[in-house]
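All remarks here apply to the structure that follows.
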Amino acid sequence: MSRIVVNFMHGRGFIFNAEDYLKLRFEYRIVGNLIGVPVSHPRNVNQQGMPVALSAYEVKLLLDKEIITLVDKTGALQRVPSDEQSQQYGAMVEQQKQEMHMPVVEKRLEAFRKHMPRIIEGKRRKLLKSGVKEEDIHLDPEELLDQEKKRIMQEKFDQMVQIPLKYPLTLEFSECSIALSAQEDVKYRVFKSLWQQGGFITTGDAFGCDFLLYPGDPMCFHASHTVHVLAEGVSRKLDAKYLIRICRLSVVVNKLCVIAYVDESSDEVHFETLEWEGNVTNKGDTF
């Protein structure tokens, strides 16, 4: 199985190919974060499109599972293009212009064919008024069509040149890896444990937690759990105000509150589900 290529830039992984992203999302439950503008709705600020940014935890998981190849193209992209690369890109732009021009030409010619009888009659009358005899007038529809096509091809039209989402030319690149800090490594172990249990996982910045856990694709489901990672484990005494704060927050957003940590004695990831007294609900399986 060929691996999916993920570009590493600014500490995150980026995917520019829509098919690769759909494969990661539907086959491996990797959600990522759409950060681009959708081509069909470029002015819609409430909808995002390609490319997709992957978190460090998602990249690390995919590398461990040998699903992706992480590459660094930063150096190659920062170099000035060679003359050959500039010519290749110029040829691609010209080809794109031609592809946009031809539908306009065909539309104009179709209108010309539709009105051909009236056009021939108009030209015949004009020739008669100029003194040309009736028997000397020979108007060939195909010849007139060729003349019109040559005239249209010389006209200039307003064109929109599409900026390629993915770098269109061949680049040299090197494979790379990703390094996590001690605290990030704890969060990664929690992320990996959650992923192995099924469901979809996203970052929880918008809800004041580390991760959000979904029973299905976030496009169809709301998050069911907020996950808070104790990077220092449970050896340190927990602050009562902290527990009250995260529990109350989960009640407000109608989700279950989960505390995750790595047990120092067994070196295993543990989960504890917290419920505000009097607010016990059935939102799914607890940890």
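Cβ atoms here come from the backbone N, Cα and C positions, even for glycine.
Note that TrEMBL annotation is computational and uncurated.
Quick look at what TrEMBL lists:
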DOMAIN    5-73  domain 'TSEN34 N-terminal'
DOMAIN    186-267  domain 'tRNA intron endonuclease catalytic'
ACT_SITE  TYR214  active site
ACT_SITE  HIS222  active site
ACT_SITE  LYS255  active site
Winner by Cβ contact number (other Cβ atoms within 10 Å) across the active-site residues HIS222, LYS255: LYS255
Rounded inter-Cα distance in Å - TYR214 (active site), HIS222 (active site): 6
Cα-Cα distance linking HIS222 (active site) and LYS255 (active site), given in Å to the nearest integer: 9
DSSP-assigned states of the domain 'tRNA intron endonuclease catalytic' (186-267) in counts, ordered helix, strand, coil: 27 helix, 20 strand, 35 coil
Cβ packing number for TYR214 (active site), 10 Å threshold: 19
